[in-house]
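Per TrEMBL, the features are as follows:
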COMPBIAS  272-281  compositional bias 'Basic residues'
DOMAIN    1-49  domain 'WWE'
DOMAIN    303-362  domain 'RING-type'
REGION    102-176  region 'Disordered'
REGION    252-283  region 'Disordered'
Amino acid sequence: MEVGITIQHAYEKQHPWIDLTPIGFSYVIDFSTMGQINRQTQRQRRVRRRLDLIYPMVTGTLPKAQSWPASPASAASPAAPPCSCPQCVLVMSVKAAVANGSTGPLQPPAARKNMPPSGAVKLHPPPGPGAKPLDSTGTVRGPMKTVPSQAIRRQASSTPAGVTVGSPASPPGANGKTGRVALATLNRTNLQRLAIAQSRVLIASGVPTVPVKNLNGTSPVNPALAGITGILMSAAGLPVCLTRPPKLVLHPPPVSKSEIKSIPGVSNTSRKTTKKQAKKGKTPEEVLKKYLQKVRHPPDEDCTICMERLTAPSGYKGLQPTVKPELVGKLSRCGHIYHIYCLVAMYNNGNKDGSLQCPTCKTIYGVKTGTQPPGKMEYHLIPHSLPGHPDCKTIRIIYSIPPGIQGPEHPNPGKSFSARGFPRHCYLPDSEKGRKVLKLLLVAWDRRLIFAIGTSSTTGESDTVIWNEVHHKTEFGSNLTGHGYPDANYLDNVLAELAAQGISEDSTAQEKD
């Protein structure tokens, strides 16, 4: 969390980048590209800001040492002016309780004013049993005023060692100003335990808490509002108990082989990719001739491929097709007009599968196929229900694609490609519409339209297998990433995405033919 806060502070100050080497991590974060660069290997990975997490849990200064966690010597160095909000004071009391093994309830911290940065005073522990030094050096950052020993004893008896908090019973001369220990010695284990311990301490202290319970939403708006609410209430001196974020549930409970069933109305339980090639002997001009009508008197408007006027020759300067550059044609179904020269060039730069897609309205002529690499698609029923679909079982789809070498239809022929995250598990409700989506997904699989080879939008890795504009649900029991259930519009949305690829109910009949 301390690393995250450091990156966030640099981001808010609009720094172009931040070097994490001083805190023991050999990385540079580039905010312009949202990338993480390894200083040793120069390997790059994408990073993103999460809005669905509780932030901040803790604040403070990071150690200046070159390793993590900080060495004991760095703990003795002067700390920066600490935050004195009730939330941070509470975090420090939790840290002290964890370090000293204290399990009893802690007194709630009172709201205090920010202390001045100057004025570190030495306070000797008062005599008597149970009195302990406040830290390894006996130093507490606080105002340059003498604190009566009676007030120190009262605080030492009611709070864990290592933490001082303001008390309503403090004498007026003390002004209620105290300090807290810096976070230089906070290790990763305690950081992970702070969120849970924070809520427990609030409840155990008897102070009425205000739970913020809108962290279970499917969009990032609710968690963001919850985090902002928590920060504002904490700044106002109100204790806040944020509910724990829901867990990510990617997979269903274990299912035995005897419980896995075939899907009624769908033949087989798996199929492999079949690589369909365009019919040999068909030139691009012969393919496009089926979809075009010649225009003798073209309108005085732009060809949206080359951006030249239709009344002038095509502006395309690539390989020379056999047609004349001044010829103009109109697509038969959508009616959009282009230079035939440009359409032939566009076809040659595509998959050359005998199909054509209008660049303006995306109307598909012929049967569109993709460049999905070889693999296997499995599908069956499991006896569990998806959130939002309690009245039916679940269709599970498993995609398996191994890494390999790119073919002539891929971006970099002859170069190897990676296949991350396989096998990928996806889920559909076993309803009438869910089975309809499955049948169309099978058509899309046969036409090699589910996956493609390109650059991952998640990791930034190039020459890897990526999704091809047909969204799948990969979360079984949650919807934290937006790729799970419940989602009332998902089935309709994926049907629309399949239609955009030229796959509809008519496509299933065509595949049978």
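Numbers here mean position along the shown chain, with the first residue as 1.
The backbone N, Cα and C atoms fix where each Cβ goes, glycine too.
The structure displayed is predicted, hence computed values, not measured ones.
Under DSSP, residues within the domain 'WWE' (1-49) fall into helix, strand and coil as 14 helix, 14 strand, 21 coil. Note: the domain 'RING-type' (303-362) comprises 9 helix, 10 strand, 41 coil (DSSP; helix = H, G, I, strand = E, B). Note on the domain 'WWE' (1-49): mean pLDDT across this stretch is 86.
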